[in-house]
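Asks: What follows is a structure written as C-alpha coordinates; I'll ask about it next.
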Amino acid sequence: MFGGLATPSSGSPHLRKSGSRVVVSDIGGELIHGVEETPLNSFDTEQMKAMNPAAIMPSPTALWRFKVLLFFAWGFTCCKIGWDSVMRMSVNLRDLFLYEAFLYYNPLLLVTLMVWLWGINLWVFSQSNIGYAKIFDLDQNHLSHREMWKCAMWMTIVVPTSMTAYLYLYSHGEVSLAASQPVLLYTVVALILVFPFDIFHLSTRFFFLRTLWRIAFPLQAISFCDFFLADIFTSMSKVFSDLERSVCRMVHRQVATIAWFEADSVCGSHSVAIPLVLVLPYIFRLFQCLRQYKDTGEKTTLLNALKYSTAVPVIFLSALKYHVFPEKWTSFYRPLWLLSSVLNSLYSFYWDVTRDWDLSCFTRIFLFAKPSIFSYFLYGRRWVFLWVIGSNLILRCTWTYKLSAHLRHNYLTVFTITALEIFRRFQWAFFRVENEWNKTNPKSGIQLSALSDISSEEDKLLPSNHSV
(Lines of atoms letter the chains of each structure in order from A and count residues from 1; the text may use other names and numbers.)
(Lines give C-alpha, C1' and ligand atoms only; values in the text may rest on other atoms or scores of the structure.)
Protein backbone atom coordinates (compact mmCIF):
# COMPACT_ATOMS: atom_id res chain seq x y z
CA MET A 1 0.00 0.00 0.00
CA PHE A 2 2.75 2.43 0.91
CA GLY A 3 5.54 0.80 -1.05
CA GLY A 4 3.75 0.35 -4.40
CA LEU A 5 3.78 2.91 -7.20
CA ALA A 6 0.42 4.19 -8.34
CA THR A 7 0.02 4.13 -12.09
CA PRO A 8 -2.23 6.90 -13.31
CA SER A 9 -4.59 6.30 -16.15
CA SER A 10 -3.80 7.42 -19.66
CA GLY A 11 -6.39 10.16 -19.43
CA SER A 12 -4.97 11.62 -16.24
CA PRO A 13 -4.22 15.31 -16.39
CA HIS A 14 -0.87 14.64 -14.69
CA LEU A 15 0.44 13.12 -17.92
CA ARG A 16 -0.51 16.16 -20.01
CA LYS A 17 1.56 19.25 -20.68
CA SER A 18 0.23 22.58 -19.67
CA GLY A 19 -2.19 23.96 -22.22
CA SER A 20 -2.71 20.59 -24.05
CA ARG A 21 -6.08 19.24 -25.07
CA VAL A 22 -7.88 17.01 -22.56
CA VAL A 23 -8.94 13.43 -23.37
CA VAL A 24 -12.28 12.71 -21.69
CA SER A 25 -13.83 9.23 -21.42
CA ASP A 26 -17.60 8.87 -21.56
CA ILE A 27 -19.75 6.21 -19.77
CA GLY A 28 -19.61 3.83 -22.70
CA GLY A 29 -15.87 3.69 -22.63
CA GLU A 30 -15.42 5.57 -25.95
CA LEU A 31 -12.85 8.35 -26.02
CA ILE A 32 -13.87 11.76 -27.21
CA HIS A 33 -11.71 14.82 -27.56
CA GLY A 34 -12.96 17.95 -25.93
CA VAL A 35 -11.29 21.31 -25.67
CA GLU A 36 -11.03 22.07 -22.00
CA GLU A 37 -8.79 24.67 -20.49
CA THR A 38 -8.69 24.59 -16.76
CA PRO A 39 -7.93 27.69 -14.67
CA LEU A 40 -4.64 26.06 -13.68
CA ASN A 41 -3.49 25.72 -17.31
CA SER A 42 -4.51 29.30 -18.07
CA PHE A 43 -2.48 30.51 -15.09
CA ASP A 44 0.59 28.51 -16.21
CA THR A 45 0.45 30.06 -19.70
CA GLU A 46 0.18 33.59 -18.39
CA GLN A 47 2.99 32.94 -15.91
CA MET A 48 5.30 31.72 -18.69
CA LYS A 49 4.56 34.82 -20.75
CA ALA A 50 5.29 37.01 -17.76
CA MET A 51 8.62 35.25 -17.20
CA ASN A 52 9.69 35.83 -20.83
CA PRO A 53 12.03 38.89 -20.98
CA ALA A 54 11.06 39.60 -24.60
CA ALA A 55 7.46 40.12 -23.52
CA ILE A 56 8.53 42.70 -20.93
CA MET A 57 10.96 44.73 -23.09
CA PRO A 58 9.45 47.56 -25.16
CA SER A 59 9.66 47.46 -28.92
CA PRO A 60 12.75 48.98 -30.61
CA THR A 61 10.61 51.70 -32.17
CA ALA A 62 9.17 52.75 -28.82
CA LEU A 63 12.62 52.69 -27.23
CA TRP A 64 14.05 54.82 -30.04
CA ARG A 65 11.24 57.36 -29.68
CA PHE A 66 11.84 57.54 -25.96
CA LYS A 67 15.55 58.21 -26.52
CA VAL A 68 14.78 60.96 -29.03
CA LEU A 69 12.30 62.56 -26.62
CA LEU A 70 14.86 62.36 -23.82
CA PHE A 71 17.53 63.91 -26.05
CA PHE A 72 15.32 66.88 -26.96
CA ALA A 73 14.38 67.34 -23.32
CA TRP A 74 18.07 67.39 -22.40
CA GLY A 75 18.82 69.90 -25.20
CA PHE A 76 16.00 72.21 -24.11
CA THR A 77 17.19 72.06 -20.50
CA CYS A 78 20.78 72.95 -21.45
CA CYS A 79 19.63 75.85 -23.64
CA LYS A 80 17.32 77.19 -20.93
CA ILE A 81 19.93 77.00 -18.17
CA GLY A 82 22.64 78.47 -20.43
CA TRP A 83 20.45 81.36 -21.58
CA ASP A 84 19.34 82.22 -18.05
CA SER A 85 22.95 82.08 -16.85
CA VAL A 86 24.14 84.46 -19.56
CA MET A 87 21.30 86.91 -18.90
CA ARG A 88 22.35 87.13 -15.23
CA MET A 89 25.66 88.74 -16.21
CA SER A 90 26.23 92.42 -16.84
CA VAL A 91 26.25 93.60 -20.43
CA ASN A 92 29.89 94.70 -20.22
CA LEU A 93 31.18 91.28 -19.15
CA ARG A 94 28.79 89.18 -21.22
CA ASP A 95 30.68 89.30 -24.53
CA LEU A 96 34.05 88.69 -22.91
CA PHE A 97 32.72 85.76 -20.93
CA LEU A 98 31.06 84.18 -23.96
CA TYR A 99 34.27 84.59 -25.95
CA GLU A 100 36.23 82.78 -23.26
CA ALA A 101 33.64 80.00 -22.81
CA PHE A 102 33.46 79.55 -26.56
CA LEU A 103 37.23 79.22 -26.78
CA TYR A 104 37.26 76.23 -24.40
CA TYR A 105 34.37 74.34 -25.93
CA ASN A 106 34.29 75.13 -29.64
CA PRO A 107 37.27 72.82 -30.46
CA LEU A 108 35.50 69.80 -28.98
CA LEU A 109 32.22 70.79 -30.63
CA LEU A 110 33.95 70.89 -34.01
CA VAL A 111 35.61 67.53 -33.35
CA THR A 112 32.16 66.15 -32.53
CA LEU A 113 30.88 67.49 -35.85
CA MET A 114 33.73 65.78 -37.67
CA VAL A 115 32.95 62.45 -35.98
CA TRP A 116 29.28 62.71 -37.01
CA LEU A 117 30.22 63.44 -40.61
CA TRP A 118 32.83 60.68 -40.71
CA GLY A 119 30.12 58.26 -39.61
CA ILE A 120 28.09 59.36 -42.64
CA ASN A 121 31.16 58.79 -44.83
CA LEU A 122 31.49 55.24 -43.51
CA TRP A 123 27.79 54.57 -44.07
CA VAL A 124 28.00 55.66 -47.71
CA PHE A 125 31.16 53.59 -48.24
CA SER A 126 29.43 50.49 -46.87
CA GLN A 127 26.33 51.08 -49.00
CA SER A 128 28.31 51.58 -52.21
CA ASN A 129 30.51 48.48 -51.58
CA ILE A 130 33.74 50.46 -51.31
CA GLY A 131 36.24 48.50 -49.24
CA TYR A 132 37.37 51.34 -47.02
CA ALA A 133 38.77 48.86 -44.47
CA LYS A 134 41.16 47.58 -47.13
CA ILE A 135 42.14 51.10 -48.23
CA PHE A 136 42.89 52.28 -44.69
CA ASP A 137 44.42 48.93 -43.68
CA LEU A 138 41.95 48.45 -40.82
CA ASP A 139 41.58 45.24 -38.85
CA GLN A 140 38.32 43.37 -38.35
CA ASN A 141 37.61 45.25 -35.10
CA HIS A 142 37.38 48.66 -36.76
CA LEU A 143 34.42 50.87 -35.87
CA SER A 144 31.38 50.77 -38.10
CA HIS A 145 29.27 53.81 -38.90
CA ARG A 146 26.82 52.91 -36.12
CA GLU A 147 29.59 52.74 -33.52
CA MET A 148 31.00 56.02 -34.83
CA TRP A 149 27.62 57.67 -34.43
CA LYS A 150 27.33 56.26 -30.93
CA CYS A 151 30.65 57.89 -30.00
CA ALA A 152 29.49 61.15 -31.59
CA MET A 153 26.24 60.99 -29.63
CA TRP A 154 28.07 60.71 -26.32
CA MET A 155 30.33 63.61 -27.31
CA THR A 156 27.25 65.64 -28.25
CA ILE A 157 25.85 65.05 -24.77
CA VAL A 158 28.98 65.47 -22.66
CA VAL A 159 30.48 68.63 -24.21
CA PRO A 160 27.37 70.87 -24.08
CA THR A 161 26.57 69.58 -20.60
CA SER A 162 29.99 70.66 -19.37
CA MET A 163 29.57 74.03 -21.10
CA THR A 164 26.16 74.52 -19.45
CA ALA A 165 27.66 73.71 -16.04
CA TYR A 166 30.43 76.24 -16.70
CA LEU A 167 27.95 78.99 -17.56
CA TYR A 168 25.69 78.22 -14.62
CA LEU A 169 28.43 78.03 -11.98
CA TYR A 170 30.17 81.20 -13.17
CA SER A 171 26.97 83.23 -13.30
CA HIS A 172 26.10 82.14 -9.74
CA GLY A 173 29.47 83.17 -8.31
CA GLU A 174 31.09 79.72 -8.10
CA VAL A 175 34.15 80.79 -10.07
CA SER A 176 36.51 78.04 -8.90
CA LEU A 177 33.97 75.31 -9.67
CA ALA A 178 33.28 76.89 -13.05
CA ALA A 179 37.00 76.97 -13.88
CA SER A 180 37.25 73.25 -13.11
CA GLN A 181 34.67 72.25 -15.73
CA PRO A 182 36.77 72.65 -18.93
CA VAL A 183 39.84 71.34 -17.11
CA LEU A 184 37.96 68.21 -16.05
CA LEU A 185 36.54 67.70 -19.54
CA TYR A 186 39.93 68.00 -21.27
CA THR A 187 41.51 65.68 -18.71
CA VAL A 188 38.85 63.00 -19.20
CA VAL A 189 39.15 63.17 -22.98
CA ALA A 190 42.94 62.84 -22.81
CA LEU A 191 42.74 59.92 -20.39
CA ILE A 192 40.19 58.07 -22.51
CA LEU A 193 42.38 58.55 -25.57
CA VAL A 194 45.47 57.01 -23.95
CA PHE A 195 43.73 54.52 -21.62
CA PRO A 196 45.77 51.28 -21.97
CA PHE A 197 43.03 48.79 -21.06
CA ASP A 198 40.69 46.99 -23.43
CA ILE A 199 37.71 49.31 -23.08
CA PHE A 200 36.48 52.25 -25.12
CA HIS A 201 37.55 50.62 -28.41
CA LEU A 202 41.20 50.01 -27.54
CA SER A 203 42.24 48.82 -31.02
CA THR A 204 40.74 51.91 -32.68
CA ARG A 205 42.38 54.28 -30.19
CA PHE A 206 45.72 52.55 -30.63
CA PHE A 207 45.40 52.75 -34.41
CA PHE A 208 44.61 56.47 -34.18
CA LEU A 209 47.54 57.23 -31.85
CA ARG A 210 49.90 55.19 -34.03
CA THR A 211 48.77 57.15 -37.10
CA LEU A 212 49.36 60.42 -35.22
CA TRP A 213 52.91 59.29 -34.51
CA ARG A 214 53.48 58.40 -38.17
CA ILE A 215 52.18 61.81 -39.23
CA ALA A 216 54.39 63.73 -36.81
CA PHE A 217 57.46 61.63 -37.65
CA PRO A 218 57.29 60.39 -41.27
CA LEU A 219 60.25 58.04 -40.92
CA GLN A 220 58.55 55.22 -42.84
CA ALA A 221 56.73 54.84 -46.13
CA ILE A 222 53.60 56.97 -46.22
CA SER A 223 50.36 55.00 -46.36
CA PHE A 224 47.02 56.25 -47.63
CA CYS A 225 45.70 56.48 -44.08
CA ASP A 226 48.67 58.64 -43.06
CA PHE A 227 48.19 61.40 -45.59
CA PHE A 228 44.39 61.13 -45.56
CA LEU A 229 44.28 61.91 -41.82
CA ALA A 230 46.96 64.59 -42.28
CA ASP A 231 44.77 66.23 -44.93
CA ILE A 232 41.87 66.25 -42.49
CA PHE A 233 44.13 67.87 -39.90
CA THR A 234 44.86 70.76 -42.29
CA SER A 235 41.13 71.50 -42.23
CA MET A 236 41.21 71.46 -38.44
CA SER A 237 44.24 73.68 -37.88
CA LYS A 238 42.01 76.32 -36.25
CA VAL A 239 40.76 73.63 -33.87
CA PHE A 240 44.33 72.79 -32.85
CA SER A 241 45.13 76.48 -32.39
CA ASP A 242 42.17 76.94 -30.04
CA LEU A 243 43.13 73.78 -28.18
CA GLU A 244 46.59 75.24 -27.61
CA ARG A 245 45.07 78.51 -26.36
CA SER A 246 42.76 76.63 -24.01
CA VAL A 247 45.46 74.39 -22.57
CA CYS A 248 47.75 77.42 -22.16
CA ARG A 249 45.16 79.19 -20.04
CA MET A 250 44.48 76.07 -18.00
CA VAL A 251 48.17 75.57 -17.29
CA HIS A 252 48.60 79.24 -16.29
CA ARG A 253 45.38 79.18 -14.23
CA GLN A 254 43.68 81.84 -16.31
CA VAL A 255 40.36 80.01 -16.75
CA ALA A 256 37.31 82.09 -15.67
CA THR A 257 39.52 85.18 -15.25
CA ILE A 258 40.31 88.21 -17.38
CA ALA A 259 44.09 87.82 -17.09
CA TRP A 260 44.23 86.31 -20.59
CA PHE A 261 42.56 89.42 -22.07
CA GLU A 262 45.92 91.17 -22.35
CA ALA A 263 46.84 90.54 -25.99
CA ASP A 264 50.59 90.48 -25.33
CA SER A 265 50.38 87.99 -22.46
CA VAL A 266 51.68 84.44 -22.78
CA CYS A 267 48.18 83.21 -23.67
CA GLY A 268 47.02 86.35 -25.45
CA SER A 269 45.83 86.78 -29.02
CA HIS A 270 49.25 88.09 -30.15
CA SER A 271 51.15 85.02 -29.02
CA VAL A 272 53.70 83.51 -31.40
CA ALA A 273 52.33 80.06 -30.61
CA ILE A 274 49.15 80.77 -32.62
CA PRO A 275 50.78 80.83 -36.10
CA LEU A 276 53.14 78.00 -35.11
CA VAL A 277 50.24 75.68 -34.26
CA LEU A 278 48.26 76.79 -37.32
CA VAL A 279 51.11 75.89 -39.65
CA LEU A 280 51.96 72.51 -38.09
CA PRO A 281 49.44 70.39 -40.08
CA TYR A 282 50.73 71.87 -43.33
CA ILE A 283 54.33 71.24 -42.34
CA PHE A 284 53.49 67.62 -41.52
CA ARG A 285 51.82 67.19 -44.88
CA LEU A 286 54.76 68.87 -46.63
CA PHE A 287 57.23 66.41 -45.07
CA GLN A 288 54.99 63.52 -46.08
CA CYS A 289 55.15 64.64 -49.71
CA LEU A 290 58.92 64.90 -49.54
CA ARG A 291 59.07 61.41 -48.05
CA GLN A 292 56.86 60.09 -50.86
CA TYR A 293 59.20 61.66 -53.42
CA LYS A 294 62.15 59.96 -51.75
CA ASP A 295 60.40 56.58 -51.89
CA THR A 296 58.75 56.77 -55.32
CA GLY A 297 60.59 59.47 -57.26
CA GLU A 298 57.29 60.85 -58.63
CA LYS A 299 57.52 64.55 -59.44
CA THR A 300 53.83 65.08 -58.71
CA THR A 301 54.60 64.66 -55.03
CA LEU A 302 56.87 67.71 -55.23
CA LEU A 303 54.04 69.71 -56.80
CA ASN A 304 51.81 68.54 -53.97
CA ALA A 305 54.44 69.66 -51.45
CA LEU A 306 54.47 73.06 -53.13
CA LYS A 307 50.71 73.30 -52.59
CA TYR A 308 51.08 72.89 -48.83
CA SER A 309 53.99 75.31 -48.71
CA THR A 310 51.73 78.09 -50.07
CA ALA A 311 49.83 78.08 -46.76
CA VAL A 312 52.93 79.10 -44.80
CA PRO A 313 53.10 82.75 -46.01
CA VAL A 314 49.34 83.15 -45.49
CA ILE A 315 49.70 82.27 -41.83
CA PHE A 316 52.89 84.15 -40.95
CA LEU A 317 52.14 87.31 -42.97
CA SER A 318 48.86 87.57 -41.10
CA ALA A 319 50.62 87.19 -37.75
CA LEU A 320 53.02 89.99 -38.64
CA LYS A 321 50.24 92.55 -38.26
CA TYR A 322 50.76 92.55 -34.48
CA HIS A 323 54.54 92.85 -34.72
CA VAL A 324 55.09 95.61 -37.32
CA PHE A 325 54.02 99.23 -37.62
CA PRO A 326 50.50 99.75 -39.00
CA GLU A 327 51.79 101.73 -41.99
CA LYS A 328 54.20 98.95 -42.90
CA TRP A 329 51.42 96.40 -42.67
CA THR A 330 49.03 98.37 -44.86
CA SER A 331 51.51 99.31 -47.55
CA PHE A 332 53.64 96.17 -47.84
CA TYR A 333 52.64 93.09 -45.85
CA ARG A 334 48.89 93.22 -46.42
CA PRO A 335 49.17 93.10 -50.25
CA LEU A 336 51.57 90.16 -49.91
CA TRP A 337 49.10 88.42 -47.60
CA LEU A 338 46.25 88.91 -50.10
CA LEU A 339 48.39 87.61 -52.97
CA SER A 340 49.49 84.53 -51.04
CA SER A 341 45.89 83.86 -49.96
CA VAL A 342 44.61 83.87 -53.55
CA LEU A 343 47.49 81.66 -54.67
CA ASN A 344 46.90 79.11 -51.90
CA SER A 345 43.15 78.95 -52.50
CA LEU A 346 43.32 78.52 -56.27
CA TYR A 347 46.20 76.04 -56.16
CA SER A 348 44.40 73.92 -53.57
CA PHE A 349 41.17 73.99 -55.57
CA TYR A 350 42.99 72.96 -58.75
CA TRP A 351 44.65 70.06 -56.96
CA ASP A 352 41.35 68.86 -55.49
CA VAL A 353 39.63 68.70 -58.86
CA THR A 354 42.45 67.37 -61.03
CA ARG A 355 44.45 65.14 -58.64
CA ASP A 356 42.50 64.12 -55.56
CA TRP A 357 39.27 63.41 -57.48
CA ASP A 358 38.59 61.41 -60.60
CA LEU A 359 35.90 63.27 -62.54
CA SER A 360 35.24 60.30 -64.84
CA CYS A 361 33.59 58.46 -61.93
CA PHE A 362 32.53 61.51 -59.95
CA THR A 363 29.16 60.32 -58.67
CA ARG A 364 29.51 56.52 -58.59
CA ILE A 365 30.15 56.79 -54.88
CA PHE A 366 26.37 57.18 -54.50
CA LEU A 367 25.53 54.04 -56.51
CA PHE A 368 24.33 51.93 -53.60
CA ALA A 369 24.12 48.14 -53.70
CA LYS A 370 20.49 48.31 -52.49
CA PRO A 371 17.82 50.78 -53.65
CA SER A 372 17.81 53.90 -51.51
CA ILE A 373 16.21 57.33 -51.66
CA PHE A 374 19.65 58.87 -51.11
CA SER A 375 21.07 57.01 -54.07
CA TYR A 376 18.08 58.09 -56.18
CA PHE A 377 18.61 61.79 -55.47
CA LEU A 378 22.45 61.78 -55.57
CA TYR A 379 23.60 59.20 -58.11
CA GLY A 380 24.12 60.50 -61.64
CA ARG A 381 22.70 63.95 -60.87
CA ARG A 382 24.31 66.95 -62.55
CA TRP A 383 23.54 69.22 -59.63
CA VAL A 384 25.78 67.10 -57.37
CA PHE A 385 28.68 67.69 -59.74
CA LEU A 386 28.04 71.46 -59.87
CA TRP A 387 27.45 71.73 -56.12
CA VAL A 388 30.66 69.98 -55.10
CA ILE A 389 32.81 71.93 -57.55
CA GLY A 390 31.25 75.29 -56.68
CA SER A 391 31.16 74.82 -52.92
CA ASN A 392 34.73 73.52 -52.91
CA LEU A 393 35.94 76.66 -54.70
CA ILE A 394 34.04 79.04 -52.43
CA LEU A 395 35.04 77.32 -49.21
CA ARG A 396 38.66 77.08 -50.31
CA CYS A 397 38.67 80.86 -50.60
CA THR A 398 36.88 81.54 -47.31
CA TRP A 399 39.19 79.09 -45.53
CA THR A 400 41.91 81.75 -45.75
CA TYR A 401 39.90 83.75 -43.21
CA LYS A 402 40.54 81.05 -40.63
CA LEU A 403 44.26 80.87 -41.32
CA SER A 404 44.67 84.60 -40.67
CA ALA A 405 45.31 85.45 -37.04
CA HIS A 406 44.32 89.11 -37.46
CA LEU A 407 40.79 88.09 -38.56
CA ARG A 408 40.04 85.82 -35.59
CA HIS A 409 38.31 88.31 -33.27
CA ASN A 410 34.77 87.57 -34.45
CA TYR A 411 34.62 84.11 -32.93
CA LEU A 412 31.15 83.25 -34.25
CA THR A 413 32.23 83.99 -37.83
CA VAL A 414 35.42 81.99 -37.43
CA PHE A 415 33.46 79.08 -35.89
CA THR A 416 31.03 79.09 -38.82
CA ILE A 417 33.80 79.15 -41.41
CA THR A 418 35.65 76.36 -39.62
CA ALA A 419 32.47 74.25 -39.52
CA LEU A 420 31.97 74.89 -43.26
CA GLU A 421 35.55 73.84 -43.94
CA ILE A 422 34.93 70.60 -42.04
CA PHE A 423 31.84 70.09 -44.21
CA ARG A 424 33.94 70.72 -47.32
CA ARG A 425 36.41 68.08 -46.15
CA PHE A 426 33.47 65.74 -45.53
CA GLN A 427 32.48 66.13 -49.20
CA TRP A 428 36.08 65.76 -50.32
CA ALA A 429 36.43 62.45 -48.46
CA PHE A 430 33.78 60.75 -50.59
CA PHE A 431 35.56 61.26 -53.88
CA ARG A 432 39.09 60.95 -52.52
CA VAL A 433 38.38 57.49 -51.07
CA GLU A 434 36.51 56.45 -54.22
CA ASN A 435 39.41 57.55 -56.40
CA GLU A 436 41.84 55.52 -54.29
CA TRP A 437 39.53 52.48 -54.40
CA ASN A 438 39.34 52.65 -58.19
CA LYS A 439 43.14 52.86 -58.40
CA THR A 440 43.72 49.84 -56.17
CA ASN A 441 40.78 47.85 -57.59
CA PRO A 442 40.42 48.67 -61.30
CA LYS A 443 37.99 45.78 -61.80
CA SER A 444 35.50 47.38 -59.43
CA GLY A 445 35.59 50.56 -61.48
CA ILE A 446 34.93 48.59 -64.66
CA GLN A 447 32.03 46.76 -63.02
CA LEU A 448 30.52 50.01 -61.81
CA SER A 449 30.88 51.52 -65.26
CA ALA A 450 29.22 48.51 -66.85
CA LEU A 451 26.41 48.65 -64.30
CA SER A 452 25.91 52.33 -65.03
CA ASP A 453 25.80 51.65 -68.79
CA ILE A 454 23.28 48.84 -68.30
CA SER A 455 21.05 51.09 -66.21
CA SER A 456 21.16 53.83 -68.84
CA GLU A 457 20.36 51.33 -71.60
CA GLU A 458 17.38 50.04 -69.63
CA ASP A 459 16.12 53.56 -69.22
CA LYS A 460 16.31 54.02 -73.00
CA LEU A 461 14.60 50.70 -73.82
CA LEU A 462 11.78 51.01 -71.28
CA PRO A 463 9.51 54.05 -71.52
CA SER A 464 8.63 55.87 -68.36
CA ASN A 465 5.03 54.61 -68.41
CA HIS A 466 6.03 50.97 -68.89
CA SER A 467 4.80 48.55 -66.24
CA VAL A 468 5.75 44.93 -65.79
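Residue numbers in this text run from 1 along the chain shown.
Using N, Cα and C of the backbone, Cβ positions are placed for all residues, glycine too.
Reproduced below are the annotations present in TrEMBL:
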TRANSMEM  66-83  transmembrane segment
TRANSMEM  103-125  transmembrane segment
TRANSMEM  151-171  transmembrane segment
TRANSMEM  183-200  transmembrane segment
DOMAIN    265-464  domain 'EXS'
Asks: Please work out which recorded stretch in 103-125, 151-171, 183-200 has the most C-beta pairs separated by under 8 angstroms from the transmembrane segment (66-83)?
Replies: 151-171
Asks: For the transmembrane segment (183-200), find every same-chain residue at least 6 residues outside the stretch whose CB is under 8 Å from a CB in it, and list them.
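Replies: Hits for the transmembrane segment (183-200): 108, 158-159, 162, 208-209, 246-247, 250, 255.
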Asks: Per-residue pLDDT averaged over the domain 'EXS' (265-464) comes to what?
Replies: 80
